[in-house]
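Quick notes on the structure that follows.
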Amino acid sequence: MALNDNPIPKSVPLHPKSGKYFHNLHARDLSNIYQQCYKQIDETINQLVDSTSPSTIGIEEQVADITSTYKLLSTYESESNSFDEHIKDLKKNFKQSSDACPQIDLSTWDKYRTGELTAPKLSELYLNMPTPEPATMVNNTDTLKILKVLPYIWNDPTCVIPDLQNPADEDDLQIEGGKIELTCPITCKPYEAPLISRKCNHVFDRDGIQNYLQGYTTRDCPQAACSQVVSMRDFVRDPIMELRCKIAKMKESQEQDKRSSQAIDVL
């Protein structure tokens, strides 16, 4: 069929009254699904720690499986976000091109029908949308940091771990010498709710640092030899210290059970 014989135009500009429907066109929001999956991974890590005997030599294989799943999920999420951004750009470009076209009316109908005037076609733009570049996972999350250090602090909750600039790196950590104290330097008691400073990375228990900063907007960091000035809003939850303390308590409990059992055997 010749173009002039088309009974209706191939495409026409977006009608002003259809803007509401056009606005509602979007990629499906999968953010809640991804957050649920991440939550399940965090729960799996907690279950692994809770259900594994502290005397177990290593949990590297289980951690590697969870890490692989987490990285795959993170990549899918990045691809989903990238697709969503492409759809937004597509709609923006389509709207701009459509708005530049003469509106469809009795005087322009035949011109659009014959092809003398043309308007963008959303379906064609979508089919010709550039393929997104391979997505990269988010590589600096608390969960990835925990997965990276878990095999090491499982064996020794007090081991010194280097700063994790890129926890997604496949290289093994080079564990440093020395020991990490699992007691707050302010309260001198075991951590209950450890908070870490985003300025200097020093850790204090919530009650301790709150009492130290009470009545002050800012104050010198209470850690000896630290030159930073801190405020309460500089502190965030420290999941790695929480994990250290949890594993240390489990190991101590097992040691107490072992000593009690040995005492009974002696009797």
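Note that the numbers count up from 1, one per residue, in the order the chain is shown.
Every residue gets a Cβ built from N, Cα and C, even glycine.
Annotation comment: Swiss-Prot describes 169-256 as zinc finger.
Under the three-state DSSP scheme, H202 (Zn(2+) binding site) falls in the coil class. What Swiss-Prot records for C200, H202, C221, C226 is Zn(2+) binding site.
For C221 (Zn(2+) binding site), applying a Cβ distance below 8 Å and a minimum sequence separation of six or more within one chain yields S197, K199, C200, H202, S227, Q228, V229, V230. For C226 (Zn(2+) binding site), applying a Cβ distance below 8 Å and a minimum sequence separation of six or more within one chain yields C200, H202, D220. Cβ neighbour counts within 10 Å, taken over all protein chains shown, single out H202 as the most crowded of the binding-site residues C200, H202. Apart from the site residues C200, H202, C221, C226, the chain places the Cβ of S197, K199, N201, P222, Q223, S227, Q228, V230 no farther than 8 Å from the centroid of the site's Cβ atoms, the recorded Zn(2+) location.
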